[in-house]
Number of protein chains: 4
Amino acid sequence: MSKKFKIVTIGGGSSYTPELVEGIIKRYDKIPVTELWLVDVEAGREKLETVGALAKRMVKKAGVPIEIHLSYDRREALKDADFVTIQLRVGQLAARALDERIPLKHGVIGQETNGAGGLFKALRTIPVILDICKEVEELCPDAWIINFTNPAGMVTEAALRYSNIKRFIGLCNIPIGMEMGIAKLLNVDYSRVRIDFAGLNHMVFGLEVYLDGVSVKEKVLEMIMDPANASFVKNIDAEEWAPEFLKGINVIPCSYHHYYYKTSEMLERALKDFESNETRAEVVQKIEESLFEKYRDETLDIKPPELEKRGGAYYSDAACRLISSIYNDTRDIQPLNTVNKGAISGLPYDGAVEVSCVITKDGPVPLTIGELPVPVRGLIQTIKSFEQTAIEAAVEGSREKAILALTINPLVANDKLAVAIVDEMLEAHKEYLPRFFN
Amino acid sequence: MSKKFKIVTIGGGSSYTPELVEGIIKRYDKIPVTELWLVDVEAGREKLETVGALAKRMVKKAGVPIEIHLSYDRREALKDADFVTIQLRVGQLAARALDERIPLKHGVIGQETNGAGGLFKALRTIPVILDICKEVEELCPDAWIINFTNPAGMVTEAALRYSNIKRFIGLCNIPIGMEMGIAKLLNVDYSRVRIDFAGLNHMVFGLEVYLDGVSVKEKVLEMIMDPANASFVKNIDAEEWAPEFLKGINVIPCSYHHYYYKTSEMLERALKDFESNETRAEVVQKIEESLFEKYRDETLDIKPPELEKRGGAYYSDAACRLISSIYNDTRDIQPLNTVNKGAISGLPYDGAVEVSCVITKDGPVPLTIGELPVPVRGLIQTIKSFEQTAIEAAVEGSREKAILALTINPLVANDKLAVAIVDEMLEAHKEYLPRFFN
Amino acid sequence: MSKKFKIVTIGGGSSYTPELVEGIIKRYDKIPVTELWLVDVEAGREKLETVGALAKRMVKKAGVPIEIHLSYDRREALKDADFVTIQLRVGQLAARALDERIPLKHGVIGQETNGAGGLFKALRTIPVILDICKEVEELCPDAWIINFTNPAGMVTEAALRYSNIKRFIGLCNIPIGMEMGIAKLLNVDYSRVRIDFAGLNHMVFGLEVYLDGVSVKEKVLEMIMDPANASFVKNIDAEEWAPEFLKGINVIPCSYHHYYYKTSEMLERALKDFESNETRAEVVQKIEESLFEKYRDETLDIKPPELEKRGGAYYSDAACRLISSIYNDTRDIQPLNTVNKGAISGLPYDGAVEVSCVITKDGPVPLTIGELPVPVRGLIQTIKSFEQTAIEAAVEGSREKAILALTINPLVANDKLAVAIVDEMLEAHKEYLPRFFN
Amino acid sequence: MSKKFKIVTIGGGSSYTPELVEGIIKRYDKIPVTELWLVDVEAGREKLETVGALAKRMVKKAGVPIEIHLSYDRREALKDADFVTIQLRVGQLAARALDERIPLKHGVIGQETNGAGGLFKALRTIPVILDICKEVEELCPDAWIINFTNPAGMVTEAALRYSNIKRFIGLCNIPIGMEMGIAKLLNVDYSRVRIDFAGLNHMVFGLEVYLDGVSVKEKVLEMIMDPANASFVKNIDAEEWAPEFLKGINVIPCSYHHYYYKTSEMLERALKDFESNETRAEVVQKIEESLFEKYRDETLDIKPPELEKRGGAYYSDAACRLISSIYNDTRDIQPLNTVNKGAISGLPYDGAVEVSCVITKDGPVPLTIGELPVPVRGLIQTIKSFEQTAIEAAVEGSREKAILALTINPLVANDKLAVAIVDEMLEAHKEYLPRFFN
């Protein structure tokens, strides 16, 4: 086991890192990591030190020979990496709060992936990701990049289209959460449930659900019609679905579909949070503070269970599972964001999709999905149009394209409102948008 | 000229008929019609008698040997027809008023093509159209059907998918109005302007605009940015566009795009009309009454100029132009609703699209459009999803699919609201929805 | 293990059956078969009795509780089957001899899949397969059909297009043989090699070759350039490839590609066999006789090793592997003939392709292949055109379409020659071609 | 008429030039050309002087104010051109003779478009065309290039893929000849016949034939079954078709299809010509000599009628027709080689196809063809694979790709033969293949 196996985590000071460390430790027999590099920006020094110290205690307690390195020099860290995970947040939670609050001021949902918030997160994040891709190309060209920075779909597509990196995978915990949630509804072990996923990030549908390989979709749809089961995935407090709608659409929606098929109710909730200063960013801010409080406890040498309540739970564990599958060529099936190549008919061949894939040492290979069901084609294509326009805006620093992206987004759908929101948000995030202000 | 040339107009009692008669008369050298049959239902007897009498006076004044036949027996009329035009309205204007007013009660735009109103107009109309198709198949299998009954796109697709009739063309005056409106802006004769149209009915974009064959798109976009030119097509009182949006989208929107890119403003206007009892159906009702008042004047022997103010102006003239182009194999270019066959990449091969076509004696052949611009793909695909789901609802009489269609429609976008609207409208239109109530 | 698990083998009197029985026995822990029905036509009674007796001795020796049933009544056998395997030969080996010899008389290769022989095998076989599909639909609608009757690609496509059966899988030993052959060249265990297969039956390419998940395609291509390794798959005595061609095409051809890229040499060999009465059918005839000689030995209670020398070796074992993967939802990867659904871009969506699939309890799901490499697109599409035309000829009993199929086939490529061959073969096979002679 | 209108003809010393001059003169009212530049290489000086003098006499006799310029400096000539026609022949007729004779020595047809001859003509020509494209980009970026240099399909695709020129149109006289030939069969004026063309250059099918807009395909197929009408297009002495084949394929083949559907007969003819030194190049050589003999006659001031017997007749006239249609935005339908953009489903979106187009001032717009008939898909795709591989060989100077192109070509279909032919031809054409010999 003396062969080098180096993982680099960009945004290593994240509160999620202990889950990642735990994920690596518990799979040590399958992924014999020799070095874990946690990298962050100077501004995050305190957090990185805290998380790094906890990581060292965890490794020590587990008795595995993994070196933990902390670094503020991305290039130094990337050198000869085997896997690079990315979980950064340009502008920290303060920027997310603006992403959520400014749109709400204008009466529309912010949302950090497919709404106005997601647009601006993309504008801030994509240039940084493209920089990382260039560095990876130079310093560790054979490494796999596993990104769970949101908006994960757009970030993946931007990397595929605007960098020379092909080994780039976007990872989201929503589809994994759906499998877990449905397993719980069915009262069976998670490993027995398999869903055929197809769509885009935060815009994914379960086209089929299998228990031990046999379709249970009808049964699951029935269960989800029960208001008590509406939020079978934890991360969004969902409204119940109209049973007629579920019967008609005949696929499993993801939690984010509440934004599109129940916009008014979701907006009402968000406005309530807005007024009580309890938007997601603000809630997360508090959770983070309490987590770091715990992390600083020098007697803590395991991942604290509270972390599982954080919305992004299972992300880091999913990343470890993915690393193990690639490293070991396991050929198991996982839902990922990768290049379409015709897996989903009607979506761009070269663009990113979220889809069930077989994981090989050579990367994910999408299962053939074929045509999407008629009723879901439009919304998925709309979000893909939004994504592509937003990515172009990010790469070109184009205000007009940002406005266009927001106008065609179903959560805004108004040209003048788009102008107002974009202009206010460009100003608010000026510091992190150099391509727009040169 | 003694060769039989028979045109049958279903819904012959329509107030538009005089335009059709005028269109035939003025093209008599190109389309030597021998018989024009105006057919209607018994309930429309008074209107048909009035319009028929006017038609006879017009023909007499013009001195052309066209026999005008009035009939309440569709089968008798269809026998050996060469062209069949359809301009019917199941449930008359009273039904249209419900289509508009019920959705507005629930806070959403009704609209007679792509909104809740359009859904119900489709549910009432499609079965009747499919009946006509069956009769045409039997009684005049070589005839061309030219339909301008709304929702024209859905009606065309329903006929293509659920009948054996291939010679079915959907006609809309919106793209023609766009060419005319832009010619007026450019202060040139209409014949010098050509637009590359692509999309769906009432969801069509002008991808390019040519003056004498040379692109003037940039110039036209600049002109449309001027608020004074926002409603360059007459049929909708439009709001002005944000110039950034027009620059970004870089194609010419149609007037109906205001509903999707300015939903809130359009809803506000509609609610105002709703409160003052001036929804479109109500306005049209008054226009119709005043038109029929005129038609009854036995000294009138031409199309009265007031007819041109009616929203559907040029429809009937466009139908005559199309009949002439088919009859004479003129190979000129006209925008029509016909089967896609790959003309517009990404839209269903077998479905109906609205697209610039070359008109031959063998029917319309779409010009190859290729990929739609990224920003418009989503909305067009969304309306296509809506159309296909609505057509299935109409054919199957499925309440669930009607609810699904409305939920995925961007003007509603809410499952529970869709349930409420559909249930109220099903009840209101019960009489005309036999497939739902058996 | 008392749960019924019934396999029905149509063409049970085949010399391959002992391999099938062995395959079931050795996987008994994974596929606890309770009944194996061997069905054949009356004309094959002697063979079926012989094979059936051997099967019973094998089962007895292995000590597994599998009932062996022999039947001449297909309907009785099919009742409530779980899996149906098809390995029939309409007209026996005598018909195959005609398939090979008549075309050779006219100076072209016969070949039992993609040549003139394959056309006539399709014409004889497809109607019988469609009959079986109808019976399965009635008697055991949930059963999976696994067909290894040639031409396996056309038979699969015919079933998918002209029957109501969806659970129909075509199986060929060529791609499996390629994996085995390459493993042998690399001197590694077969399980460590994986090939991305794409194409059609007997027209499949290995787009990539992996050893433990890492591409070794370049290395394998180098090895195949060595004349000693040209026939790395056993079933065809192959000529060596021009190294420039292999470098240029940059994918792994299958053994049948020799017919298309070395037509003249292959024809020369075939003509030599023709003259010495050693065409494949004649050789197989002798092997068969000697095998049945052995099978009749009442002390024999295992599969005799000589069977492995027969061209179709591993077919039956592959069938057992596939049954096990479906039954146990193993999600492993196997090359199969199934519906494309967009897995291979550019080939018909609804047609059959031979492609690497993940095997689930719900059937095979193709891995997404994307665009075929430019140089192989043409030939694959040509054979697909041939297949589709031949299937239509079979279903309609159309002499013209049979002639057309042969004219567009690259091994004939001549309209008048096609007429001559088709007419002679129609006459020769008259007895088995009822759709052509009514 | 004082506005500059400049046409540049590259390869101006061609024997076809008088037809071009005549075409311009007779359309002078529609295309008021002010300057015609005939450009050639120094080696062709004598021919250019001869042709140029004749052109001047023709213009003078016609009394039209067109300046004729002769030039050996391509850049000087291209400056500010409005249209550029290309009719060059790298290596003159001597090279063509090699293209035909060397393959025949190896027992395969040479052929100057889709066979081994066409491959080498492409290898010699494409780099020169790409140079011209660069010069056009610099010196007359708004000019339209109309190319009739063979292989016209490959040349067009090479320009579209490997230059920045979009205004590049490939023109062939085969489809025009088909319309003329069928008009003659039907004994009607050519203008009344219209064919829906689809395919590739010299691989085009007439999917439908209309007389006055009404399909007469069945009738035309019947007529072509008559051996007397087999060569209804003049340029190839064709064998008769098997009627069953024509009935089966149900589209109109072009004359070049004899090479693919009657390879052996065509080869036999070619071998006879080879032995009697009457290959096409040799025949053309003699015709050329006799034409130039005539051109030198200083009393000649019209196009001599003998020119119409030359295989390429109507090419130049077709070019004039096309120039007129573009210049005047006539929107008439002509068969051309242009970018597919989805017009023909299943062929590459960005590649060149030969297809019926509407001609506008903005260039040709293909009519939507949709799916090709199943039986012709394979051969068309095969030739497209050949074309794409050959173009890559030409651009990269790759011997391996040249060998691959020839191996996948149905007229060769043998890897070792491909090696032998390519190596002999590379050597023979060395002088004109700088990319292969550096």
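Just so it is clear, glycine is given a Cβ too, placed from its N, Cα and C backbone atoms.
Sequence annotations record features per position, and here TrEMBL assigns substrate binding site to A:Arg96, A:Asn150. If you look up TrEMBL, you'll see A:Cys172, A:His202 marked as Mn(2+) binding site. The feature domain 'Glycosyl hydrolase family 4 C-terminal' is assigned by TrEMBL to A:197-412. Taken from TrEMBL, the feature site 'Increases basicity of active site Tyr' applies to A:Glu112.
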A:Cys172 (Mn(2+) binding site): nearby recorded positions from A:Arg96, A:Glu112, A:Asn150, Cα cut-off 10 Å: A:Asn150
Other CB atoms within 10 A, centred on A:Cys172 (Mn(2+) binding site): 28
Residue pair A:Glu112 (site 'Increases basicity of active site Tyr'), A:His202 (Mn(2+) binding site) - Cα distance, angstrom, rounded: 10
Between A:Arg96 (substrate binding site) and A:His202 (Mn(2+) binding site): CA-CA distance (Å): 17
For A:Arg96 (substrate binding site): DSSP state (helix, strand, coil): helix
Overall pLDDT for the domain 'Glycosyl hydrolase family 4 C-terminal' (A:197-412), taken as the rounded mean: 93
Residues that sit under 8 angstroms from A:Arg96 (substrate binding site) by C-beta distance, when 6+ apart in the chain: A:Arg89, A:Glu112, A:Gly117, A:Lys121, A:Arg280, A:Ala281, A:Val284
For A:Asn150 (substrate binding site), nearby residues of its own chain (Cβ under 8 Å, 6 or more apart in sequence): A:Glu112, A:Thr113, A:Gly118, A:Lys121, A:Thr125
